[in-house]
Amino acid sequence: MDASTINSLFLIGALLVGASILVSSLSSRLGIPILVIILAVGMLAGVDGGGIIFNNYPTAYLVGNLALAVILLDGGLRTRVASFRVALWPALSLATVGVLITTGLTGMVAAWLFDLSLIQGLLIGAIVGSTDAAAVFSLLGGKGLNERVTATLEIESGSNDPMAVFLTVTLIDMIASGQTGLHWSLLTHLLREFGIGGLMGLGGGWLMLQLVNRINLAGGLYPILVVAGGLVVFSLTNALHGSGFLAVYLCGLVLGNKPIRSRHGILHMLDGMAWLAQIGMFLVLGLLVTPHDLLPIALPALGLALWMILFARPLSVVAALLPFKAFHGREKGFISWVGLRGAVPIILAVFPLMAGLPDAQLFFNLAFFIVLVSLLVQGTSLPWMAKLLKVTVPPDPAPISRSALEVHVTSEWELFVYRLGAEKWCIGAALRELKMPEGTRIAALFRKEQLLHPSGSTVLEVGDMLCVIGHEHNLPALGKLFSQAPQRGLDLRFFGDFVLEGDAELGAVAALYGLKLDGLDAKMPLAQFIRQKVGGAPVVGDQIEWHGTIWTVAVMDGNKIQKVGVRFPEGTRPGPGLFL
C-alpha cells in the first residue's frame with residue numbers, strides 16, 4: 001500500500017465520519033435515531049451509492065468488537081449500582097429467559113418464511129435475539145423514563161450478549177457438524193460464559209481502580225489507561241472462553257461506582273470515544289451491506305421483523321417478568337417495545353459468513369434488515385410510546401453545568417452552576433433564607449457577568465448564576481431548592497392534587513379524606529402501604545389505586561418512600577389535607 005492510497009483512506013474515513021456527525025444534527029428535527037442516519041451514510045457511500053467496495057468481514061468483526069467494548073465500558077461507568085435494587089434480577093431474567101424465548105419464537109417463523117431447516121431458523125433467531133447496548137444507551141438518554149424501566153433496559157442490554165453469542169456459536173457448530181440434538185454440556189458452556197465474564201469483569205475493575213488511584217500520571221492519560229484496561233479485561237476474558245462483553249460492562253460498573261481519580265476527565269473522554277465507536281461501527285456495517293441484495297427478501301424479512309416486534313419480544317418480556325410483581329402492564333408494554341436491535345445482531349451475522357455456512361449471506365442480510373426496521377419503527381416512536389404508556393416522570397431541576405474539584409486523589413467534590421430564571425421561587429430572597437443541604441456551600445455569585453462578594457443579606461435577582469460546592473448526592477435537594485415553587489417543586493400535574501409525607505399514618509390519611517380502612521392497620525405508614533401494593537422495590541412514578549384515588553410515589557430517599565402524591569376523581573377534591 002503506497003502513500004497515496006493511505007492518504008486516500010484517511011481522506012475517505014475523515015469525510016465519512018465528519019458527514020455522519022454533521023448529518024446527525026437532523027436527527028432531532030426528523031425524529032429519526034442518529035444510528036439510522038449513520039447507517040444510511042455508510043450505505044450511501046457503499047457499493048450502490050458512492051462506489052466504495054467493502055466486503056472484508058473479519059475487519060468488520062474486529063471494528064465491531066472493539067467499538068462495542070468501548071461502548072459497554074462507557075455504559076458501565078454511567079450505570080448506578082443503586083439502580084440494581086429495582087432492576088437486577090428482572091434484567092437478568094430478560095437477558096437469559098427472554099433471549100431464549102425470542103430466539104425460539106423468531107426461529108420457528110424464520111424457518112417457515114424462508115424455507116429453512118428448524119436449526120437454521122433458530123440460528124437467525126439467535127443472531128437477532130438480543131437487544132443492543134449501543135442503541136439502548138443512545139436512545140434512552142434524556143427521555144425522563146422512570147428508574148425501574150430505564151435500569152431494566154440498560155442492564156438487560158449490557159448483559160444479554162453472552163446468551164446471544166453462546167446460542168449463535170453453538171448453533172453454528174451444530175450446523176457445521178451436522179448435529180441436531182442438544183447436550184447438557186451446553187449448559188456448562190453457558191454457565192462458564194457468565195461465570196468467567198462476571199469474575200473477570202469485577203476482578204479487573206477492582207484492579208484497574210487500584211492502579212488508577214495509586215499511580216501519578218498526566219491528567220489526560222487516565223482515560224486512556226481506563227480504556228486500555230477495559231480492552232485487556234475484554235480480550236483476556238474472551239481468551240478464557242468467558243463473555244468479554246459482560247466483563248467489560250462490569251469493569252466499567254466497578255470503576256463508575258467507586259471514588260476514582262480524574263472521574264470527570266475519564267467520563268468526558270469516554271463519552272467522545274463511545275460516540276466515535278458508534279459512528280465508526282455503524283459506518284463500517286453500512287458499508288458492508290449491499291442494499292440491492294435486500295430487495296428480494298424485503299417482504300418476508302419485514303414480516304419477520306414485525307413478528308419480532310409485535311409478538312416474539314412482548315411474549316418473551318411477559319414470560320421473563322412473570323415472577324416480578326412490581327412491573328405494571330404499562331411498564332411491560334414499554335419494555336416490550338424497546339427491544340431495540342443494533343450492531344450486535346449484524347456482528348453476530350458475520351459469524352456464519354466466517355464459518356462458511358450455506359445461506360450465510362441470507363442470514364447477514366436478514367439481520368441487517370431487521371436492525372433497520374427495529375431502529376426506524378421502535379427507535380423513532382420511542383418518545384411517543386413513553387408518553388402513551390405513561391412511563392415518564394417529571395425531571396428534577398438540574399444545574400446548567402458541573403465540574404470536578406480534585407482537592408485530593410479520590411475527591412468527589414463538584415462545582416454546580418445554577419441560573420435563576422424569573423420562575424424560581426428564591427428570586428427576591430436573601431442568601432441567609434436559603435436552607436442549603438448539609439455539606440454544601442455557595443462558592444460564588446455572578447450577576448450580569450460580574451463576580452459579586454455575597455453576604456447573608458445579598459438578595460437574589462433574575463439572571464443570577466450561583467456556584468455551589470457539593471456532592472452528587474446533593475443534586476436532588478439542590479434541585480428542589482432552586483425549583484419553581486417554595487415547597488412545591490413537585491409537578492402536581494403529574495403527582496396529583498396534594499402531596500403527603502410517606503410516614504403519615506394510614507388511619508389519619510383515611511380519616512382526613514373520608515376513606516375506609518377495610519381492616520388495614522391504622523398505624524401503618526402510608527409509605528409501607530404503598531410499598532406492599534407495588535409488590536417490589538418502588539420507584540418515583542409508581543402508582544396504585546385505592547378507593548378510587550390514585551396514589552403516586554413522588555420522592556424517594558434511597559429505598560424509602562419520602563413523599564406521596566394523591567389524585568382524586570374528577571369533580572371531587574377534599575379539604576387542604578397535608579398539603580406540602
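Cβ from N, Cα, C; glycine included.
Feature transmembrane segment, per Swiss-Prot, maps to range 162-182 of the set 162-182, 414-434, 498-518. Residues of the same chain lying 6 or more positions beyond the ends of the transmembrane segment (34-54) and with a Cβ under 8 Å from any Cβ of it are 12, 16, 19-20, 23-24, 26-27, 60, 134-135, 138-139, 278-279, 282-292, 342, 372, 375-376, 379.
Relative to the transmembrane segment (162-182), the listed stretch 86-106 leads the set 57-77, 86-106, 292-312 in CB pairs under 8 A. Of the recorded ranges 6-26, 57-77, 86-106, the transmembrane segment (217-237) has the largest number of C-beta contacts under 8 angstroms with 57-77.
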